[in-house]
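Student: Following this message is one structure expressed as structure tokens.
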Amino acid sequence: MKCLLIATGERVPTWVAQGFAEYHRRLSYWLPLELVEIEPSMRGKNHDPQRAIEDEGRRVMAALPKQPYAVTLDVKGKPLNSEQLAQRMEHWRGLGRNLVFLIGGPEGHSQEVLNISNERWSLGPLTLPHMLVRLIVVEQLYRAATILTNHPYHRGK
């Protein structure tokens, strides 16, 4: 199974890149994950945000592998606690398909991207910087892996 994290945005802050690299390294023993960065569209007072969303959506669609199982990070998605995410990870691994996590830009995902999503995952009702979301996602995937392998990292229930 190939696992991708397709994230809109480039040039993340150093501390985000360092945190992502650390959890990516830890996760790689259990679930090899490839980060694919999508160039964000121009934004500003003279740019149409809907057009930016559509442009980014086309770039995301072009980056998808064939027949992926797409999990879209979306505020309207299903919130999961760590144990529930671990259960979903076990399910996703058993599908035998390429697993793709999709992180949109500041305004979210295009309708085209939402339409191909097999699942929508919400990190909760908070508004988070989309650059920070990639770090949170990789840490949560690592946490899910430690739950499944009974590693002491997760100190939940």
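For all residues, glycine too, the Cβ spot is worked out from N, Cα and C.
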Student: Out of G57, G104, G105, which one does Swiss-Prot list together with L73, L123, G124, P125, L126, T127, L128 for S-adenosyl-L-methionine?
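Tutor: It is G104, as the record lists it for that site.
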Student: Least buried of the binding-site residues G104, G124, P125, going by other Cβ atoms within 10 Å?
Tutor: P125
Student: Here are some binding-site residues: L73, L123. Which one has the most Cβ atoms within 10 Å of its Cβ?
Tutor: L73
Student: Radius 10 Å, atoms counted are CB only; among the binding-site residues L126, L128, which position scores highest?
Tutor: L128
